[in-house]
Amino acid sequence: MIRENVNPDECTFSEVLQACSDSKVAFSFRDVEQIHALIMRYGLGSKLIVSNRLIDLYSKNGFVDSSKQVFEDMVVRDSSSWVAMLSGFCKNKREEDAILLYKDMRKFGVIPTPYVFSSVISASTKIEAFNLGEQLHASIYKWGLLSNVFVSNALVTLYSRCGYLTLAEQVFAEMPQKDGVTYNSLISGLSLKGFSDKALQLFEKMQLSSLKPDCVTIASLLGACASLGALQKGRQLHSYATKAGLCSDSIIEGSLLDLYVKCSDIETAHKFFLGSQMENTVLWNVMLVGYGQMGDLNESFQIFSQMQFKGLQPNQYTYPSILRTCTSVGALYLGEQIHSQVLKNGFWKNVYVCSVLIDMYAKHEKLDAAEKIFWRLTEEDVVSWTSMIAGYAQHDFFVEGLKLFRKMQDHGIRSDNIGFASAISACAGIQALDQGQQIHAQSVVSGYSLDHSIGNALIFLYARCGRIQDAYAAFDKIDTKDIISWNGLVSGFAQSGFYEEALKVFSRLHEDGVEANMFTYGSAVSAAANTTNIKQGKQIHARIVKTGYNGETEASNVLITLYAKCGSLVDARKEFLEMQNKNDVSWNAMITGYSQHGCGSEAIQLFEEMRHLGVKPNHVTYLGVLSACSHVGLVDKGLCYFNSMNKDYGLMPKLEHYASVVDILGRAGHLQRAMKFVETMPIEPDAMVWRTLLSACIVHKNIEIGEETGHRLLELEPQDSATYVLLSNLYAVLGRWDSRNQTRLLMKDRGVKKEPGRSWIEVKNTIHAFFVGDRLHPLANGIYDFVEELNKRVVMIGYVQDNNSLWNDLELGQKDPIAYIHSEKLAIAFGLLSLPEMIPIRVMKNLRICNDCHNWIKCVSKVADRAIVVRDAYRFHHFADGECSCNDFW
């Protein structure tokens, strides 16, 4: 036409542009630009119909910015101009631009068409702009367009995808006409949000309406069946899809494979996989997930290898699938190899892949590697943040986890349920009750008030912080309690010192028919150990054997600790020797047990055996062996072991190890060396170090170093009653009563209260507790009479009361010293009155046993001819025939 010198007009270009738009052939930018240039050459750029068609052509070929330029250059626009531009934004995934254009359109008074509404609602759905969707719904109602099936379908999709299914169902119910898209939208929404039963019921209504399901319908329904585990219903849909010729569709293939995998029918899944389109990467990924769920690393890795052998490249979903399997079965070595491949194939920036890598390294305690990946990420994603926070919380880096949680919030990232649960668990770890409650409030505001993982974390938080009623209240709020819920109570109470409460929960758990796991038994054994309740401990041991956990190394480890803490080294040693597989915790438990019981030589011998067998000692091992050296007075050996920590094993000593060395030197009377050691420590000494030195000064009556140490302690911990008691005892042993009374007055002026001594003894399945001068026991009169009788008998064999062990001169001046009888004397007297002769007297005390009580019990063991075991805050004392296992060195 142009060659014949016939000038095209606006109708010509309109028809040409329309033909180009309708064509299935994609045009390059140069092609469209040439057409645009011709339009401008013939002066038709201002023509409305031409500009509208040009906008449409640019948009359909993906050049939406050029469309926008044409639109902005238009002097006059009509409704079609706005619709064309809005359609262009929507088709090119420019949802925010489409919404902004709609707002401009309304400002200019352009009346929106049903197509405009459906397009803008679809854009709102994709960017989850629910509030805007609601406003659009109101406008649609105002313009009377709710009867339009396209508009209503868009609303159903909006509400379904945003999780407002009640509103979606309401729009659906009010629609005068429904098509397949209507049903698909609601079925898909119900399936995605977990309402699988409703989705299947709606499918039945769809069939009654004579509407045939398409691939989208079947895929959504298969997803619903997979979620419900409804394998039989899924098989029926499979049969329907086969008859309808839909099985070759890639979406259906993926959904069918997902169904069989999630319903644990891995055999059918594999058969279906072999008969499917093997070039579909999605199917390979689903098979990886299937074998991963079974914990079958061999099959997973075979699938992963075969996939690449066939020329299919792993994608952002392939790597996470195989990495999760590596994580679950503990195959870190393989995970690291796959990490190398991730780097090689350019996925090291993919936030989804990196989140799974962070999770893998964090769960294997490789937090340095996890941090490197995390801080290298440029895209901020809630999963990567929560994976890192969870990693910190799982490995007791609670402060770091909470810092990162706050930083995540500062970055404007909304936490998910895992993030909230991990942060609450971190608060439990450091007993930060107030902060935990604040995070709980945030989780409720974020819509996670009924989340199961958060509920379990709250149980542990309150139990760990000793808030018994709050812990039970959080427990009762959970409808479906799992073993984690029960463990939160048992372990939380055990760790917060409410041992009897922990054991009550453990008994209730079994009464309710809940199957305990290894963690439950470990917490229960720990509680029994800390109450020295050997009888209940043995009952729990019997349950461990009955349930088959006795072969577990962890079970034997906690049992060694139980028997050692209950004073039965014979049972502890028996459990240790019978173990098939010992780890460092096993050796540590036995070494610590020997040390606590004053069996220093045995502890050291076991330590040497451990090293000879090539078992690497850790910080806990050295604490046990240094304590053993201290209790048996092996100064040179203790110092040699201390020096070997870093020299032989690269272990940097902690404050507890420095305190142990101070104890070794102090107990042996090397107070000047001990003081010099403290002053030259590479880290700042804490109260524990100074307190250890002060205790040694009391034993060796060194006022010069003792006073200096005491004053430093008072500066560090002015509210700790133990410091005042120790300093007062120092003055008492030196007969400086004025200084002793001044210390007591200083304590009173500062409002510091001394922790009362308390002792426990179990008699006939009941724990009996005693305080100093306690007369609350129903048999108090008989107990005091018997104490008086024992006093007479022990005096006859040489016992002399040590008045220095009394707290102050008021006590010394008491006319009735019986009023200040220490709690362990009362407990032992009650035990002697109540227990048969063949049963040893076992008493637990919360404070260090004083010199007077120690001497008294030695004499009582002789005159009563009974074995007496006292566990104080420092160690075990085995009294028999007038002697103590500690050799008066504790």
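Using N, Cα and C of the backbone, Cβ positions are placed for all residues, glycine too.
Bear in mind that TrEMBL entries carry predicted annotations, made automatically and left uncurated.
Residues annotated as repeat 'PPR' in TrEMBL: 78-112 (among others). Across the repeat 'PPR' (78-112), the model assigns an average pLDDT of 85.
Among the features that TrEMBL reports, repeat 'PPR' is placed at 179-213 (among others).
Taken from TrEMBL, the feature repeat 'PPR' applies to 280-314 (among others).
Per TrEMBL, repeat 'PPR' is recorded for 381-415 (among others).
The repeat 'PPR' annotation in TrEMBL covers 482-516 (among others). Proximity of distant same-chain residues to the repeat 'PPR' (482-516), defined by a Cβ-Cβ separation under 8 Å and at least 6 residues beyond the stretch ends, is recorded for 428, 431, 452, 455-457, 459-466, 468, 471-472, 475, 523-524, 526-528, 530-531, 533, 536, 540, 543, 547, 767.
Summarising the annotation, TrEMBL assigns repeat 'PPR' to 583-617 (among others). In the repeat 'PPR' (583-617), the DSSP tally of helix, strand and coil residues is 26 helix, 0 strand, 9 coil.
Annotated domain 'DYW' per TrEMBL: 798-890, in sequence order.
The list of residues near the repeat 'PPR' (381-415) in space but at least 6 beyond its ends in sequence, with Cβ under 8 angstroms from a Cβ of it, reads 351-352, 354-356, 358-359, 361-363, 365, 367, 370-371, 374, 422-423, 425-427, 429-430, 432, 435, 439, 442-443, 446. Using DSSP to sort the residues of the repeat 'PPR' (280-314) gives these counts of helix, strand and coil: 26 helix, 0 strand, 9 coil.
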